[in-house]
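Asks: The transmembrane segment annotation in TrEMBL covers A:27-45, A:57-76, A:83-100, A:106-128, A:135-153, A:173-196, A:227-246, A:258-274, A:281-303, A:309-326.
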Amino acid sequence: MTTLMENEPTAEAPASKSHYFEWFGRYGALLVLAALIIVTSILAPNTFPTVDNAINILNQSALSAIIAMGLTFVLVTGEFDLSIGNTASLAGVAACWLMVNQDFSIPLALVAILVVGGIVGLINGFVVTFMNVSALVATLGVGTIVIGVNYMISDGAPVALGDPDAFLEITFGRFLGIPYPVYIMLVIAALLWWLLNRTVLGQSMQAVGGNRVAAELSGIRVDRVRVIAFVVCSMCAAVTGFLLASRTGSAAVSAGDTYLLSAFAASFFGSAVLRDGQFHILGTLVGVITVSVGFNSIALIGLETYWQYFFQGLLLILGVGVGTLARRRAAA
Amino acid sequence: MTTLMENEPTAEAPASKSHYFEWFGRYGALLVLAALIIVTSILAPNTFPTVDNAINILNQSALSAIIAMGLTFVLVTGEFDLSIGNTASLAGVAACWLMVNQDFSIPLALVAILVVGGIVGLINGFVVTFMNVSALVATLGVGTIVIGVNYMISDGAPVALGDPDAFLEITFGRFLGIPYPVYIMLVIAALLWWLLNRTVLGQSMQAVGGNRVAAELSGIRVDRVRVIAFVVCSMCAAVTGFLLASRTGSAAVSAGDTYLLSAFAASFFGSAVLRDGQFHILGTLVGVITVSVGFNSIALIGLETYWQYFFQGLLLILGVGVGTLARRRAAA
Amino acid sequence: GGSSSGSDGGDDSYSVGIVRFAPSEVTTEAVINKYTKLAEDEGWEVTTANPDGAVDKAIGAMQDFVQKDVDLIIVSVIESKSLTAGLKSAKAAGIPVASIAGGGADGVTFDLVVSPGTEVPEAMVKNMGGKGRVLALGYKPGLPCQLREDAFNKTVEGTDITVDRQEVLIPGQLESGQKFATTWLAKNPKGSEPLSIWACFDDPAMGAIVAAKQAGRDDVKIYGYDGTPPALKALKEGQLAATAAPDTAGSAQMLFDATPDVIKGGVDAEPKTEEIPFPIITPETLDQYLKDNPGADAS
Amino acid sequence: MTIRPELDVPAQGDEGEKMTGATDSVRPGPEPTTTGLLQMRGISKSFGGSRALDGVSIEVEPGSVHALCGANGAGKSTLVKILAGLERADEGEILLDGRRVEVANPRDAADLGLSFIHQELNLVPKFSVLRNMAMGSGHPGRFGILDLRRLRREAKAVQERLGFDIPLDVEVEQLSVSDRWMVSLGRSLMRDARFIAMDEPTASFTDEEASRLMAVIEELTSDGVGILYISHRLDEVLEVSDTITVFRNGQKVATLDSAQTDRQELTTQIVGREVEKLVSRLEAEADETVAETRPVRLSVRNLSRAPRVIGASFDVHEGEIVGIAGLVGAGRTELARLLIGADRATGGTMTLNDAPYAPKSPHEALRAGIALVPEERRSQGLVLTDTVENNLAMAEHGSSPSMRSRFRPKSSRATGQALMERFSVKARSIRDTAHHLSGGNQQKVVVGKYVRTSPGLLVLDEPTVGVDVGARAEIYRIITGLASEGTSVLVISSDFEELAICDRVLVMRGGQLVAEVPASEFDEDHLTALCFGSHESSGTTETEEA
Ligand SMILES: Nc1ncnc2c1ncn2[C@@H]1O[C@H](COP(=O)(O)OP(=O)(O)OP(=O)(O)O)[C@@H](O)[C@H]1O
Ligand SMILES: Nc1ncnc2c1ncn2[C@@H]1O[C@H](COP(=O)(O)OP(=O)(O)OP(=O)(O)O)[C@@H](O)[C@H]1O
Ligand SMILES: O[C@@H]1[C@@H](O)[C@H](O)OC[C@H]1O
Ligand SMILES: [Mg+2]
Ligand SMILES: [Mg+2]
């Protein structure tokens with residue numbers, strides 16, 4: 001239809017200002033990270049901008065990143081998962097318990113806790129899809145039950161390995177000077193990125209998150225996709241729990257709980273990175289690293305406790321807010 | 001018009017079955033509560049079904065109910081508030097600090113913390129509406145800053161009143177044998193119910209939650225309504241914090257944090273009470289009481305720790321799930 | 001490993017990194033605050049990080065302090081055994097680690113042990129005449145609580161006391177205490193037998209007091225630990241039968257005094273422990289305690 | 001309050017806000033000659049560099065209907081949105097009663113007595129009719145107490161005025177599209193609207209419902225209300241309006257007097273060139289033997305899902321275009337959903353290419369080669385926030401046998417690009433967000449995504465709702481093109497005119513297929529009569545079963 005083609009975008013004067021805002025909207029969150037790095041480099045020139053510290057930050061990010069990237073899968077499909085922290089805790093306890101009481105080898109324990117994670121994910125998915133309970137309630141409920149299982153296994157007391165050295169090696173081993181957890185994080189990130197962006201499954205997840213009805217009518221098996229997202233998420237949580245236990249050679253009943261909020265914070269922060277509120281793996285990774293850099297900066301500069309909270313809160317709001325504000329301007 | 005009337009649902013055989021499911025969908029959550037009461041009455045006939053214990057349960061529900069009903073306002077408008085727990089903690093600390101260090105009277109302290117709550121709500125609302133940050137991130141960020149403020153005031157240490165008797169009276173005083181907090185809960189419930197169902201503001205909130213674009217188009221000042229919801233919510237959280245402090249005459253820096261999840265659980269449970277997933281004050285109240293009854297039952301029957309978690313998780317899932325499953329059947 | 005940067009060239013100005021536990025942990029927060037004050041008065045540089053109770057964040061903070069090349073890392077409450085990753089990093093960098101109430105582990109060269117406060121259950125058993133029923137509110141994940149509970153169990157063993165145990169939730173400790181106590185009191189009416197509630201720290205004990213007050217019960221004796229300001233107040237009013245209080249100022253001083261030696265000792269020094277005394281306080285000894293610890297009440 | 005009248009007349013209903021001082025007569029006042037109720041002058045608006053409106057002016061007289069016509073994306077809705085305070089004009093001014101007004105947000109518009117019924121119905125589904133009508137009314141700026149009795153009284157009065165009678169306590173969710181529309185209209189009248197803009201009100205109406213609306217409009221104009229009316233149904237526009245303004249590519253190209261214009265001229269103005277009259281299937285390649293000569297693709301026997309579909313039986317042959325006519329609520333959408341397994345049939349059988357066919361999900365249907373272009377493209381067809389590219393790929397993913405299959409973005413994009421060209425989808429690029437496309441182009445994307453899976457049978461539910469004449473012709477061309485390639489097509493439509501492209505039309509009434517009309521007997525009035533159940537038909541096969 002030739003007539004319709006006339007309306008092509010014309011490069012006009014007002015566009016430049018709006019382009020500027022658009023740029024800001026896209027890179028706003030990254031700018032916040034950059035500003036953070038620059039300021040800290042100035043304030044702590046000897047300790048912050050070093051290769052060692054960069055590796056240190058990546059290493060600290062690894063566990064949070066893995067659980068947050070898993071959560072991203074669930075968020076991409078338009079769901080929620082409040083049970084990840086509990087699942088991570090359970091995974092750690094279960095892994096240590098299996099190694100101590102059932103003489104499981106490390107790889108076998110890993111497989112076992114992946115299965116455990118998978119089952120939790122299946123249950124979440126079942127309650128959400130089949131019972132039609134909103135994901136928030138469902139995962140809150142399942143999470144509570146997971147705590148119960150955890151208590152049943154451990155009776156609430158920490159489970160410690162008798163001879164933890166091999167297990168600890170997962171956390172402390174290095175290859176080319178870089179700790180294993182960093183590699184694990186990167187491999188999982190690559191895998192999840194590929195799953196989300198280079199497979200039909202991943203594309204289907206994004207479609208389900210975008211419009212569930214349209215996805216269903218497009219032939220996408222919506223319920224199956226949602227269940228898979230929950231399973232991936234819980235399995236990532238389980239891996240984080242496993243690695244957490246390998247940091248200590250022992251596992252406590254609520255060790256992983258704190259990951260819940262931090263994973264949400266990272267994912268939401270990440271949804272403002274380069275995108276307009278869509279969750280994506282790279283963004284989540286940037287989100288986790290931003291939080292780690294923030295925490296690292298505080299520790300290196302040394303701030304009063306209350307400043308630490310101010311700082312974290314502001315980081316979150318500004319990281320997301322700068323981008324959305326700019327995008328709003330760009331659209332206006 | 002007339003043409004459509006021909007096609008009226010015909011009263012056929014399947015209709016009665018679907019009516020049955022509809023009834024179940026409506027009353028499913030209440031049935032769960034009823035079942036709970038009956039079973040516990042049988043298992044603990046001397047201690048559970050007594051007037052004393054009923055008062056007990058109501059009294060235990062009061063604080064949770066107040067904060068959860070506030071949260072319901074925010075949920076009704078389609079938003080979220082993750083800062084309520086922190087706000088409650090801050091309110092308690094601020095109240096005690098003002099009474100100890102600034103010689104505020106009790107009523108004056110109450111007014112002051114209502115103002116504090118209101119300010120937190122305004123900030124939440126501002127970040128969500130003006131900065132356009134998703135409520136989850138915004139309130140997580142503001143909540144973190146609130147912790148910082150709390151820490152700044154108290155330096156992390158609990159603040160205790162020198163002569164707490166008058167303050168304690170708020171929690172321990174009784175009128176006609178019923179503790180004051182129960183009255184406070186009921187008065188706030190009535191007020192909030194009225195606000196939500198009998199004022200233009202309340203209708204506007206529901207409209208904003210039901211379809212934000214439609215609300216905007218019909219001339220409702222959507223942003224203002226959302227900000228007000230956040231303010232109401234934070235003020236309720238502040239009241240809960242205040243009452244929390246009046247139990248011991250002192251306040252700790254994170255005393256109110258646990259109310260966050262329980263308030264969410266109650267509100268979501270409540271959205272399945274008599275309704276089809278819409279949040280409402282009465283439902284939230286039922287949700288809170290169900291959780292209290294559940295806890296009370298477990299403790300009276302005397303179950304292992306892990307059973308307590310299983311039970312709570314199941315209660316949540318079933319309370320909501322029974323209703324939605326039945327509704328789904330009714331629709332099928 | 002080489003010790004610190006420019007700071008140990010003769011002058012005694014140290015750089016100390018402190019990993020707190022969480023704002024809710026009253027006792028150690030008080031120790032850390034006092035220690036910080038002492039150290040800063042001396043011109044040392046003190047940096048604190050707040051992991052909010054998360055082990056992983058605590059390890060991260062230790063590693064950050066390694067990057068910062070501090071002279072000493074102090075960690076509080078979190079079990080040292082679970083900090084392996086952080087301890088290893090510190091050891092590799094030659095930075096000694098001291099713990100407040102976290103117990104010993106490889107890499108910890110100074111441990112400020114909190115005694116289990118056995119006097120509290122002893123007083124309880126005595127008050128009950130060796131028989132009756134106790135609601136025990138424990139918290140397994142916490143090392144100090146675990147130690148206190150062990151001591152409690154040992155003391156009760158062999159008496160005619162029946163124990164109903166419940167696990168307290170943190171956060172939410174006060175609520176847990178209140179809820180468990182409320183129903184337990186309903187189940188165990190006045191006059192049935194000697195009744196007590198024992199909590200492994202003061203917060204759930206305070207919850208139990210609230211429950212007892214609401215139920216109008218004055219026949220139940222309630223016990224706690226930590227000596228928090230509200231607990232001291234409750235002691236004064238006779239609502240709490242006993243608590244135990246560490247001398248936080250004394251502990252801070254102890255840690256402060258030990259600091260130079262710990263730093264000089266380096267990572268390979270023989271691990272040293274100092275016990276924080278944890279004496280019982282009862283309504284009778286309260287006045288004496290307040291006299292000895294001015295400000296314990298208000299802080 | 002951001003209403004800033006530039007002349008010294010207080011804003012209505014607002015005493016608190018005084019004039020913003022600047023009434024200095026620096027700016028020339030409006031020409032005293034204009035009597036129009038509402039004027040928009042020199043309005044321009046760009047979206048990220050592309051011009052949606054370019055200095056257009058329009059005037060609506062009290063008691064008259066001013067129609068706005070133009071192709072999809074011409075800028076009609078944008079103009080309305082500016083008037084409603086949803087978008088801000090880059091340039092231009094709005095005058096009400098000759099006075100310049102500022103409309104910064106919908107609230108201002110409401111306070112000025114401007115009412116809107118937007119293209120997307122804007123109701124709260126879970127609210128009752130009464131609550132929807134009451135929304136946004138009440139005293140502006142004051143949080144009053146709800147006077148339910150008064151509201152009910154007022155709503156009753158409005159209903160009487162509009163001549164409809166929907167129970168006030170029913171949830172809007174339960175209503176048919178046209179009833180919902182009446183609720184929207186009712187809301188405008190709850191606050192004494194002096195001006196109502198209606199953006200494609202009849203898009204999904206049957207002729208009967210449309211004429212009901214015409215009556216209401218007449219009633220409103222006789223009360224002096226000014227109406228701005230947007231529609232792609234040109235006959236209707238000519239009938240209802242007094243004046244017609246035509247937009248093309250964001251510019252005003254003509255203002256016509258309805259009485260002196262005909263459809264032909266209007267079409268030419270809209271498209272910018274002459275468009276051949278819709279060619280009926282009969283005239284084009286009349287092939288009534290299709291049914292006899294070609295093999296049956298889908299055979300449906302006694303398909304039921306009471307009460308909406310009862311005992312439907314029909315065949316669709318290869319390369320055949322079959323229409324399904326009926327009134328809204330006749331059960332056509334339900335029938336289509338049964339065909340693709342979106343709902344499960346409670347009785348009956350189907351065979352597809354002679355094999356038993358009982359889809360349990362749209363996935364299975366798509367795998368078997370049956371696709372449905374759903375009736376609501378925004379809520380059921382598209383991910384509005386995603387790119388055209390991804391929207392075009394969706395059904396292909398959905399029909400993929402394994403979710404583990406590789407997704408190749410490059411080849412996927414190339415395929416998408418080809419589809420865009422084939423269907424002449426107009427967008428800034430394939431990376432453009434679906435949300436930015438005009439209605440017609442969105443519809444082409446939805447059709448495109450299903451065509452991409454090469455279905456043997458394509459079911460289209462109301463394929464041209466809200467699509468302009470030009471794009472409509474293109475969609476017909478796509479449909480007939482697919483048929484000539486051997487694809488079977490089932491077209492559900494309430495716009496009987498377009499059923500002319502069919503080889504055969506089935507008529508559905510009250511959940512049953514009641515008649516079959518071959519192309520040779522195609523006639524709109526005849527179809528309408530059948531839909532209503534008047535039996536004065538000649539030669540039509542009446543298939544009264546069940
Ligand atoms: N929010 C937006 N961002 C970017 N472009 C937009 C936006 N809204 C509209 N447009 C563009 O502005 C132009 C005019 O759109 P508008 O919706 O006004 O057309 P219309 O005449 O109402 O079309 P239709 O008949 O399909 O409803 C179109 O090219 C459209 O793509
Ligand atoms: N009797 C009725 N009761 C409730 N809702 C009805 C009734 N009749 C029609 N509707 C509504 O009208 C809509 C269209 O109904 P349905 O899909 O069954 O008919 P249709 O023939 O496909 O109509 P259309 O012409 O809109 O395609 C449905 O969404 C339904 O909500
Ligand atoms: O003070 C408490 C401590 O003694 C216990 O071990 O863990 C919980 C703490 O709050
Ligand atoms: Mg339009
Ligand atoms: Mg339909």
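Cβ coordinates are placed from backbone N, Cα and C, and glycine is handled just like the others.
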Asks: As a test: from A:106-128, A:227-246, A:281-303, pick the stretch that has the greatest number of Cβ pairs under 8 Å with the transmembrane segment (A:258-274).
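Replies: Most contacts with the transmembrane segment (A:258-274): A:281-303.
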Asks: Do the transmembrane segment (A:173-196) and the transmembrane segment (A:281-303) share at least 3 Cβ pairs under 8 Å, sequence separation 6 or more?
Replies: yes
Asks: When you look at the transmembrane segment (A:106-128) alongside the transmembrane segment (A:83-100), do they share 3+ Cβ pairs under 8 Å, ignoring any pair fewer than 6 residues apart in sequence?
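Replies: Touching, yes - the transmembrane segment (A:83-100) and the transmembrane segment (A:106-128) meet the threshold of 3 or more Cβ pairs under 8 Å.
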Asks: State the non-local partners of the transmembrane segment (A:281-303) in its own chain: residues 6+ outside its ends, Cβ under 8 Å from one of its Cβ atoms.
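Replies: Residues 29-30, 32-33, 36-37, 39-40, 43-44, 47-48, 53, 56-58, 60-61, 64-65, 68-69, 71-72, 189, 192-193, 196-197, 262, 265-275, 311-312, 315, 319 contact the transmembrane segment (A:281-303) from elsewhere in the chain.
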Asks: Can you work out which residues elsewhere in the same chain, 6+ from the ends of the transmembrane segment (A:135-153), have a Cβ less than 8 Å from its Cβ atoms?
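Replies: Contacts of the transmembrane segment (A:135-153) (Cβ under 8 Å, skipping residues fewer than 6 from its ends): 74, 79-83, 85-87, 89-90, 93-94, 97, 120, 123-124, 127-128, 159, 253-254.
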Asks: State the residues, same chain only, that lie 6 or more residues beyond the ends of the transmembrane segment (A:106-128) and have a CB under 8 A from a CB inside it; answer 'none' if no residue qualifies.
Replies: 79, 81, 83, 87, 90-91, 94-95, 98-99, 134-135, 138-139, 141-142, 146, 166-167, 170, 223, 226-239, 241-242
